[in-house]
Amino acid sequence: MTQLSAAQKPSDSSKALYGGKGTRRITIRDITTAKERGEKWPMLTAYDAMTASVFDEAGIPVMLVGDSAGNCHLGYETTVPVTLDEMTMLSAAVVRGTSRALIVGDLPFGSYQEGPVQALRSATRLVKEAGVGAVKLEGGERSHRQIELLVESGIPVMAHIGLTPQSVNAMGYRVQGRGEEAAQQLLRDAKAVQDAGAFAVVLELVPAELAAEVTRVLHIPTVGIGAGPETDAQVLVWTDMLGLTGGKVPKFVKKYADLREVMGNAAKAFAEDVVGGTFPLEEHSVH
């Protein structure tokens with residue numbers, strides 16, 4: 001009889017992160033055991049209660065309140081200007097809009113770079129004031145001490161290596177880990193965050209072959225975005241995934257809808273009804 005690999009074995013439907021029967025909050029233990037079962041899982045960004053509630057009802061097990069909100073919702077050109085106050089407000093809204101998903105709050109630029117103590121203060125705000133179940137921060141070896149202190153203090157950490165958008169002024173937007181030296185550094189970063197206690201690590205804009213190697217080497221889950229199909233999980237920015245983002249989107253994005261067109265057409269139809277005197281009608285009026 002042919003033996004199925006761990007990745008091919010069907011997950012216990014009652015324990016599956018996506019499509020599972022449970023109604024309680026997803027925990028860090030659920031995430032780590034999913035890798036042990038060879039179960040892949042999806043993650044989406046969310047920045048408000050209403051959107052988060054839709055994704056929660058759809059069964060998305062993990063949501064990231066990313067500082068990508070700076071680009072997607074707050075009108076900034078990069079993620080760099082996003083503040084901890086803004087991330088706390090957005091994270092709290094997403095927590096309120098969900099009942100099952102694990103909510104991960106991003107630590108924005110300037111909220112942890114000074115060192116472990118600053119990182120702990122910032123992460124504590126997201127946990128206490130917003131109610132997130134974990135925090136995310138960028139950096140591999142350079143963030144080792146911050147991750148270590150947060151984990152020692154009882155705050156779960158999702159790390160983020162490869163392309164780190166908060167470092168755009170230094171790194172630019174380009175693929176990370178190409179070439180032997182860069183690949184070895186990314187592997188060192190991945191092992192460093194695992195050793196520091198991170199429960200998962202995001203790999204952004206990394207060659208697929210390198211991301212696959214990192215996934216094999218680590219015992220914690222890898223979350224890919226532009227990192228090929230072999231990572232343990234995949235994440236997309238929801239406005240990209242649903243076609244709300246205007247202009248060109250990254251190559252790694254798959255659009256599952258075209259909300260920008262749907263919303264634009266609906267707004268035009270409303271405007272034309274108002275101008276033409278066909279809204280509101282009697283059925284929309286009160287007496």
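Just so it is clear, glycine is given a Cβ too, placed from its N, Cα and C backbone atoms.
Quantities reported herein were computed from a predicted structural model and do not represent experimental measurements.
Record note: Swiss-Prot gives ASP67, ASP106 as Mg(2+)-binding, and the candidate from GLU36, GLU39, GLU138 in that site is GLU138.
Put simply, GLU138 is the one of the binding-site residues ASP67, SER68, GLU138 whose Cα lies nearest to the Cα of GLU204 (active site, proton acceptor). Other than the site residues ASP67, SER68, ASP106, LYS136, same-chain residues with C-beta atoms no more than 8 angstroms from the centre of those residues' C-beta atoms, the 3-methyl-2-oxobutanoate site, are THR45, LEU64, VAL65, GLY66, ALA69, THR79, VAL82, MET87, GLY105, LEU107, PRO108, HIS160. In the three-state DSSP reading, ASP106 (Mg(2+) binding site) counts as strand. Under DSSP, LYS136 (3-methyl-2-oxobutanoate binding site) is assigned to a strand (E or B) in the three-state scheme.
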